[in-house]
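What follows is a short report on a single structure.
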Amino acid sequence: MVSKLDKYWQHPALYWPLLILFAAATPFTFAPYYHFWLMPLIFGAFVRLIELRPRFAVSSAYLFGLTAYTTQFYWIHTALHDVSGLPDLYAVPLTFLLPAYLALYPALCFWLWKKFTLPRGIKIGLVLPILWTLTEFARERFLTGFGWGAIGYSQITPDSPLAGFAPLGGIHMVTLATAFLGVWLVLASNNTARSGKRLLPIILIAALLAAGYTARQTDFTRPDGSRSTVALLQGNIDQTLKWREDQVIPTIQKYYEQVGKTTADIVILPETAIPVMRQNLPENILAKFAEQAQNNGSALAVGISQYTSDGNGYENAVINLTGYQENNQDGIPYYAKNHLVPFGEYKPLPFLTTPLYKMMDMPLSDFRKGGGKQSALLMKNQKIAFNICYEDGFGDELIAAAKDATLLANASNMAWYGKSNAMYQHLQQSQARAMELGRYMVRATNTGATAIISPKGNIIAQAQPDTETVLEGHIKGYVGETPYMKTGSSWWLMGILALAALILFIFRNKEH
């Protein structure tokens, strides 16, 4: 099949359009579409195209990445233009800026790949998936990191056996498995190969799927016997109105009424639900929230910004109002966001970006980090490891807190991105974290996707996006550690890097 297509695919009139087409199809492999089976086919077709014209490997990989990331993250334009009011003259080129940077990583992967002089089966079937995974890992770490769009996320769905690798080695192991499946499909479908060479990748594919399925059925963590009801508040506050002074009282009143309508054990408000600095609020406001929750038998967590303890900055926090007493503001337990969004929550290049911030009239764009390991917040009978906004896109950073927690919780405000796919892509990342860490993940968001996710990554309840609502459901506390929690990503990634180096060393010695 592949050999018959090759003569058409390598023609310049088809090669570049096909490359763009395959890349543009990648968003359909992620949430909200969940066509997980499509990603290995796309990746395999992409690799086969590059095989046909290896001279253009680096430029082809860059174009593929640029197209894929632009179509996946089109919602950047929504945030810049539709919400922040930046004119298209600036919003359009800035929308391409992040994909243009991210595309450097696929290009780097194939630049390194071209350096290997190896038999095709090893170069395609082993080395390439390793290099792809390592460069994806680098993309998540370098310059604060941005791991959205890693091909492994396409498999985070109940139907994909490859999702079973998440609790074993995290999302990057799922990425490695997805890349392996894609290239082994190419090797298995090669009509010119001898039957023996075609049989090996078929066996490897079967073994890979079986291993993933088996891991998916394995319970690495266990319930601790505790059960709780949770209420996740979704205020549906328009981002263009959120920080206006005339909307502060209506917003506070809305959430106060929502808190009063639920008798759940644990009640969680979204990120920056209260659009005022905590220390600037009249103390009786928080006291009333705490009293309202206490009267209903609830523990209450609220997303709010607050000044740092030294008073020299501010931080994005979730405060635990359980047992709150008026006149004791300094004694409030809280979690403060540690992994900040560059250009959104702090200014990495203030001399360049300050004029843009003024044009967009962005509030609170210079947050401070909350610090390294922070204690889980005790709410009723659950120890909750909170993360805020896109922090749940970084699995390794959540491990330490998760070890001491029975429940994971994310507080977010995705109103910046309107009705785009951003909220669903973010939800899929939370599904991955639940699987990696073997615990329930609850998500309280302003506009969506508010949800309850099981330790297997299944969405067991979800609120209708872009509506004012309260999502209620049941969760269990979980304890124990997945294999991923014991080692993180770094150790096994160093192992496959060493394997790639060993392969190169062996074959170079054979040449000499």
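In case you wondered, yes, glycine gets a Cβ from its N, Cα and C as well.
Per Swiss-Prot, the stretch carrying the note transmembrane segment among 34-54, 118-138 is 118-138. Averaged across the domain 'CN hydrolase' (233-477), the predicted model reaches a pLDDT of 90.
The active-site residues considered are E271, K337; of these, E271 has the fewest other C-beta atoms within 10 angstroms of its C-beta. Distant neighbours of the transmembrane segment (168-188): 2, 39-44, 46-48, 51, 121, 124-125, 128-130, 132-133, 136-137, 140, 147, 150-156, 162, 197-198, 200-202, 204-205, 208-209, 212, 215, 395-396, 432, 436, 482-484, 487-489, 492-493, 496; these residues of the same chain sit at least 6 beyond its ends, with a Cβ under 8 Å from one of its Cβ atoms. The separation of E271 (active site, proton acceptor) from K337 (active site), Cα to Cα, is 10 Å.
Non-local neighbours of the transmembrane segment (195-215) in the same chain are 121, 125, 160-165, 167-168, 177, 180-181, 184-185, 187-188; each lies 6+ residues outside the stretch with a CB under 8 Å from one of its CB atoms.
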